[in-house]
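Record features, source TrEMBL:
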COMPBIAS  519-528  compositional bias 'Basic and acidic residues'
COMPBIAS  540-550  compositional bias 'Basic residues'
DOMAIN    20-128  domain 'PH'
DOMAIN    138-164  domain 'EF-hand'
DOMAIN    165-201  domain 'EF-hand'
DOMAIN    588-700  domain 'PI-PLC Y-box'
DOMAIN    702-830  domain 'C2'
REGION    513-573  region 'Disordered'
REGION    959-982  region 'Disordered'
Amino acid sequence: MADLEVYKNLSPEKVERCMSVMQSGTQMIKLKRGSKGLVRLFYLDEHRTRLRWRPSRKSEKAKILIDSIYKVTEGRQSEIFHRQAEGNFDPSCCFTIYHGNHMESLDLITSNPEEARTWITGLKYLMAGISDEDSLTFEEADKNGDGLLNIEEIHQLMHKLNVNLPRRKVRQMFQEADTDENQGTLTFEEFCVFYKMMSLRRDLYLLLLSYSDKKDHLTVEELAQFLKVEQKMNNVTTDYCLDIIKKFEVSEENKLKNVLGIEGFTNFMRSPACDIFNPLHHEVYQDMDQPLCNYYIASSHNTYLTGDQLLSQSKVDMYARVLQEGCRCVEVDCWDGPDGEPVVHHGYTLTSKILFRDVVETINKHAFVKNEFPVILSIENHCSIQQQRKIAQYLKGIFRDKLDLSSVDTGECKQLPSPQSLKGKILVKGKKLPYHLGDDAEEGEVSDEDSADEIEDECKFKLHYNNGTTEHQVESFIRKKLESLLRESQIRDKEDPDSFTVRALLKATHEGLNAHLKQSPDVKESGKKSHGRSLMTNFGKHKKTTKSRSKSYSTDDEEDTQQNPGKEGGQLYRLGRRRKTMKLCRELSDLVVYTNSVAAQDIVDDGTTGNVLSFSETRAHQVVQQKSEQFMIYNQKQLTRIYPSAYRIDSSNFNPLPYWNAGCQLVALNYQSEGRMMQLNRAKFKTNGNCGYVLKPQQMCKGTFNPFSGDPLPANPKKQLILKVISGQQLPKPPDSMFGDRGEIIDPFVEVEIIGLPVDCCKDQTRVVDDNGFNPVWEETLTFTVHMPEIALVRFLVWDHDPIGRDFVGQRTVTFSSLVPGYRHVYLEGLTEASIFVHITINEIYGKNRQLQGLKGLFNKNPRHSSSENNSHYVRKRSIGDRILRRTASAPAKGRKKSKMGFQEMVEIKDSVSEATRDQDGVLRRTTRSLQARPVSMPIDRNLLGALSLPLSETAKDIEGKENSLDSSFCRPTEQMEISKT
């Protein structure tokens, strides 16, 4: 966080003063929704890692991890503060702590401004990652609190740090560090010496010796040679090397001699300057003057939700969060609210409602804090004409000149404007009145075929609360419905199939329903007539015949008009079937300029631009499978938005890669749901300054290619990635290991995955190192060939091998184009110190080189282009071990086959002894290395690890020929596109 950098320069005296006040505790008022506030004593724990308070019914659970804090804001900025009357509290005494995956807010009020300032400063200092590692480790190890560590406390510390050194070696280092008169114990200063001895990086020490002519330090000239030869740095000057020595060297004697010792060299190698991610890509470096359709755009689905799609809270703070994370397309679902005020929520569900006005004000405040590139506001309009006019009024009144696009230069005729020309602008994505109505028409009918209504009319369920209806009956109904939905749904987060369980959802259902029923006055009015409430129940079968669908519409026309006053228009006829329409007012229509929402049936290839085609992932999957090249051509002129299937009631995410591979710009994900897919999304958009816009490869912007081909770009050179996995540092125990915290030291191994075009998808892994999470050494080389590096991602995963399977430790995903050659550290996402040390070499290769298939070099046939029929989900009976294991993110247990991702290739294995296979994700899985542990000292036969050129037979299936009509490409006349929620 760049805004926290200033806190790294605080004086030690100020830091200690803040820490002392925070650890002593401060009485503050804790504001809660719907209550007057509670007086509590808030304090920082002794290790400075947790914020606690008392009294609390939660007892030990009343805490917030410092690592989980997203941001700290001053004054009355949160939603809860806004609900309080002006003048109730002094703004200088107020601050809010946002924490957790769902951006929960803790709103606090101190008795005076000085206390608030102390806490804000101290918390931001801790958030900046400033901690005395030695001091923290010493405090944790000092069990009896006497300020000294004996040998047994040291042994316990070693076990906690995941270090399994021989006791003789530990005692030897202990004795070398124990130099004072009080033999048998270590003071803090002596412990620092011991810790440095234990932490000495043998790999870095040998690297230093290789460039220092066997000395224990590097001169300026030797450092420059290392940077040029190994790190591939250009323009390395003497002044730059002297700056490195000045900044990272700890010995004053070495600084005077202008040399870099082992501690300084270690500090430099572990700094951001030697991270695997190119530091230049932290800034915008791509051409931002191309049309919008030439960029991938970071997009959010149901932005307002904090959790699942049925029961979770809607919060305006979610808009602030995703915008500050770099998202540039947010979604607003608008519905008629009380008192003529439109509200935002997920229709036909028990999700809470927030005012549309508050959403717009929040977007206006945070849209351009991090960068000035345009924000797309995806309006899902379910309102009556009267409240539509209120929506238009708020948009124009709050956004003002941000909506004025009259001065935007579009360059060539019929071309979308560029992100550069739209800086500081907000684009409204929504319906637009047809041109034939004329400018004097105040309202008109528009197609609602691509509505993100997500509830098909025949699936809407009306639940009546009669006098005899009980809360238990309501909950029982929802329980049964959710269980049915889960049985029907086969869509899951492909790398973490156990991340969502029936028990977890039902627990959320129970809690959310209780909260809703307590807050809903309608439910409590049992003495009145039965009150109808629509619940989301459209998770039934999506594939309906045209005949049955038309019949349903004709039956429910009158009822639908009553339930949805904004959709008063009825039906239009097109190609022999009825079409859903809705009423749209002129004021809202005129705000839509370059982002007109259209259905596939309405597309006419007349050369116009400014249309946004919306697909659910299910329909988009079919289009990508059947018309991938034609879809890519369409995306060269227009925008396409892909949103999650209605079956994802748990707010899980689909795999965005297939749609990025087809050139789709707006692939909308549930930002509130952590997991593999959001990790890929973050990695995709972290490059180019995390501005939310990433330039598509030139081959996708002009011309076309078959993304399913075994050699999609034969005329272009390929990239060869030679990745040497050297060592790991401070790898923690898995947070949810099936063995729990029983004291086992982890047995780590590293898996590297290439994610991109199907032909590039591949995995390989190192061997296992037994009983060492502190400093395991692998020294293994993995080699990959990448056909289109511009869209490829490189994913590093660390696993703990156990007798039954494996447990996820951590991951880091980086775009291939952001990799930096040389010796680099890969810091695991969300873990402060955990990293793996690698060496990266990237070569250009020509010809038909294939991925290294294993030591035997057996041949795989080229992948075939699979159809939607043969790409059905494969269900495999799980073993008992698979049922027991609860994985924490990333990949399945050892031996478990994974269900298929979006679109994948079917790969034939030439014979049963082939060393390379593709798992059900279409990922090439190498099986050349077993997970049998091997001593670190065993030499590696590097001759076996060299790249092999494997001649493969060309059997790629030709894709279907192009058709003239885009309408027929994307949606057959007799098919109804799935109506799902964007």
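Each Cβ is built from the backbone N, Cα and C atoms, and glycine gets one as well.
For the domain 'EF-hand' (165-201), same-chain residues at least 6 beyond its ends with a Cβ under 8 Å from one of its own Cβ atoms are 134-135, 137-138, 141, 147-151, 154-155, 158, 262-263, 266, 727, 729, 775. DSSP places the residues of the domain 'C2' (702-830) in helix, strand and coil in these numbers: 9 helix, 60 strand, 60 coil. Helix, strand and coil content of the domain 'EF-hand' (138-164), in residues and according to DSSP, is 14 helix, 2 strand, 11 coil. Across the domain 'PH' (20-128), DSSP classifies residues as 34 helix, 39 strand, 36 coil.
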